[in-house]
Amino acid sequence: MVKESDILVVGGGHAGIEASLIAAKMGAKTHLITMLIDTIGLASCNPAIGGLGKGHLTKEVDVLGGAMGIITDNSGLQYRVLNASKGPAVRGTRAQIDMDTYRIFARNLVLNTPNLSVSQEMTESLIIENDEVVGVTTNINNTYRAKKVIITTGTFLKGVVHIGEHQNQNGRFGENASNSLALNLRELGFKVERLKTGTCPRVAGKSINFEGLEEHFGDTNPPYFSYKTKNFNPTQLSCFITYTNPTTHQIIRDNFHRAPLFSGQIEGIGPRYCPSIEDKINRFSEKERHQLFLEPQTIHKSEYYINGLSTSLPLDVQEETIHSIKGLENALITRYGYAIEYDFIQPTELTHTLETKKIKGLYLAGQINGTTGYEEAAAQGLMAGINAVLALKNQAPFILKRNEAYIGVLIDDLVTKGTNEPYRMFTSRAEYRLLLREDNTLFRLGEHAYHLGLMEKDFYKELKKDKQEIQENLKRLKECVLTPSKEVLKRLSELDENPINDKINGVDLLARDSFSLEKMRSFFSFLAPLSERVLEQIKIECKYNIYIEKQHENIAKMDSMLKVSIPKDFVFKGIPGLSLEAVEKLEKFRPKSLFEASEISGITPANLDVLHLYIHLRKNS
């Protein structure tokens, strides 16, 4: 049977959900093919969304019309702001989720969305005509023709599950791997490599002894992810903290020879920032204990996820290991930990739209691009979906810059640098992180969302008004010069604020940590009518004013630099500071400007600085 659609999405994980929903929302006739409809939106690993850097991604996805934020706000069990004591740039919202509620909400959203159809089958191969994808074939002899295809296969491409010496061809424990499609992608000439990730054991809640364990509460004023969420009053369940101990470590050390990670059984590289417990004990042998979090998987608390105990050790070793841990002495293991090895395609094979360079109309998103994490997958799925629709309409692509969004950092890192290990987002990856805070996501991306047709006009008008109020009042505060007059000193004293000794403008005064929103309203009467959302932005902009201005200067400098032309006869070879790889790529592609050079995978900002310097020296010589 032959079926037709505008856009075809392969895979119903977190990338596939966002890709299919956004494509349908933007008016494209979309079809999603997934192996199991019941596992759409399944959280295969930890039952949580958000975190450091990841919370930023989730909120950006939400503002740009994505679903992850609203699904999380409707399925969370505990909400916290991580790094709450630090500056706003590095804070991250995180939620424990009810895995069942999240999955059901996501599945129903997909099934009930207009313009979007779903079928349960396995994609086996791509149909390519004149280096352009035109559809796929499936395991039940269906043929789907489409103008654009987005592949979001997660860990299913030639997936192999490892538990001790036992191996099985699975894309997730108990589910078939996608071997035919994996072979097809290799045959098409993509640069395919292997990665590895793992998951932690789960134990029955009734078998845990919580007495003596440290209880970990949610925030009193719980944060939420979606700007559309109203009247937020979620259930807040506790997590619990326990630790490994020297006995635990010795059990694991005694079985290193049986660990697939060390025996040579696993060849793929695992996530650097989420190592297995056997890897942690091997690498940090001096540590006497490692922290573990017991996290409820659902509101029923029937199963708990042991966060921090990712492992692929044999079953008997997992049993012995878990029973050596305080609170888990009599724990009943409901699901064992395992490692999974899978194919991914080097993301340098992609453009910034996530379309492959090799095959027109083919987009890749999620773990197939070498990333790890639900949020990273969702962000890529969203961007692939948006750009597939824009290409369908012959409109300009939507590419976020590194100074606009963490999504921009994520995609730029992937397509220009590639990766040899599972890539996850951190705030430290963003050089402009003071500008890319969670709290200003709406102000950063609202205009983009509106022009893409992904934000309602009335809300955008309100947002635009808020943005204007922020800019106008910051300008007014900068122009407002205060002197240590009797009146000013008296008003400061009444607010329990330290006196000023010299002239100071309003921005510098509000940079004080002690100057609360209430004090701002009281001291500067023109701020009194402003909403809390606007006041918070003004406060943050005042506090980090010097650094924010510096980052804006750096952006302007970079934008100016990228406009610099490269002479036709410019010789790249022999320039100190350029690696052999950079020279080879520059000689091969002969970019006409530094902007074109910046688009070449493997060319770093440091390379661009060196080129800029030597172009300048040549012009002046």
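Quick reminder: no glycine exception, Cβ is built from N, Cα and C everywhere.
Positions annotated as FAD binding site by Swiss-Prot: Gly11, Gly12, Gly13, His14, Ala15, Gly16. Feature annotation from Swiss-Prot assigns NAD(+) binding site to 270-284; the stated evidence is sequence analysis.
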Check your understanding: Beyond Gly11, Gly12, Gly13, His14, Ala15, Gly16, what residues of that chain have CB atoms within 8 A of the centre of the FAD site's CB atoms?
Key -> Val9, Ile17, Glu18, Ala19, Thr34, Ile40, Thr152, Thr153, Gly154, Gly366, Ala377, Gly381
Revision key, fill the gap. In this structure, the one of the binding-site residues Gly12, Gly13, Gly270 whose CB has the fewest other CB atoms within 10 Å is Gly270
Check your understanding: Going along the chain, which residues six or more apart from Gly11 (FAD binding site) have their CB under 8 A from its CB?
Key -> Ile33, Thr34, Ile151, Thr152, Thr153, Gly154, Phe156, Gly366
Check your understanding: Reported as an integer number of Å, what is the Cα distance between Gly12 (FAD binding site) and Phe284 (NAD(+) binding site)?
Key -> 37
Practice item. To the nearest whole angstrom, state the Cα distance for the pair Gly13 (FAD binding site) and Lys280 (NAD(+) binding site). Key: 29
Revision key, fill the gap. Students should find that the Cβ of Phe284 (NAD(+) binding site) has, within 10 Å, a number of other Cβ atoms equal to 12
Point to revise | For the binding-site residues His14, Lys280, the one whose C-beta sees the most other C-beta atoms within 10 angstroms | key: His14
Study note, to complete from the structure: For Phe284 (NAD(+) binding site) and Gly16 (FAD binding site), the CA-to-CA distance in whole Å is 37
Practice item. Pop the Cα-Cα gap between His14 (FAD binding site) and Arg272 (NAD(+) binding site) into the table, whole Å please. Key: 22
Revision key, fill the gap. In the three-state DSSP scheme, Phe284 (NAD(+) binding site) belongs to coil
Check your understanding: Using Cα coordinates, what distance in whole Å links His14 (FAD binding site) and Cys274 (NAD(+) binding site)?
Key -> 19
Check your understanding: Looking only at Cβ atoms, how many others are within 10 Å of the one on Gly16 (FAD binding site)?
Key -> 30
Review point. Between Asn282 (NAD(+) binding site) and Gly16 (FAD binding site), what is the CA-CA distance rounded to a whole number of Å?
Key: 36
